[in-house]
Amino acid sequence: MKTLLLTLVVVTIVCLDLGYTRKCLNTPLPLIYKTCPIGQDKCIKMTIKKLPSKYDVIRGCIDICPKSSADVEVLCCDTNKCNK
């Protein structure tokens, strides 16, 4: 019984991830993400328009969300892997 209880406690701690860590995508692939450093608690997706039909997309972690402009669309969010 004690072994079962101990196992449940360990599984709970691992699943809850007691340390605060935001996880943000850094590629278009949903399985590839990075754990954000302390202080960067938002995910960002920036779409930069280079030519009429060519775009660069940057994904990652950020502390303060910048504003969008005519050539840059910015999406910030504050849940794990929300910057798809």
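Residue numbering: from 1, along the chain as shown.
Cβ atoms are placed via backbone N, Cα and C, with glycine included.
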Pick from CYS36, CYS82: which one does Swiss-Prot say forms the disulfide with CYS61? CYS36
If you pull up Swiss-Prot, which of CYS15, CYS43 shows a disulphide to CYS24? CYS43
Rounded to the nearest angstrom, how far is the Cα of CYS61 (disulfide bond) from the Cα of CYS77 (disulfide bond)? 10
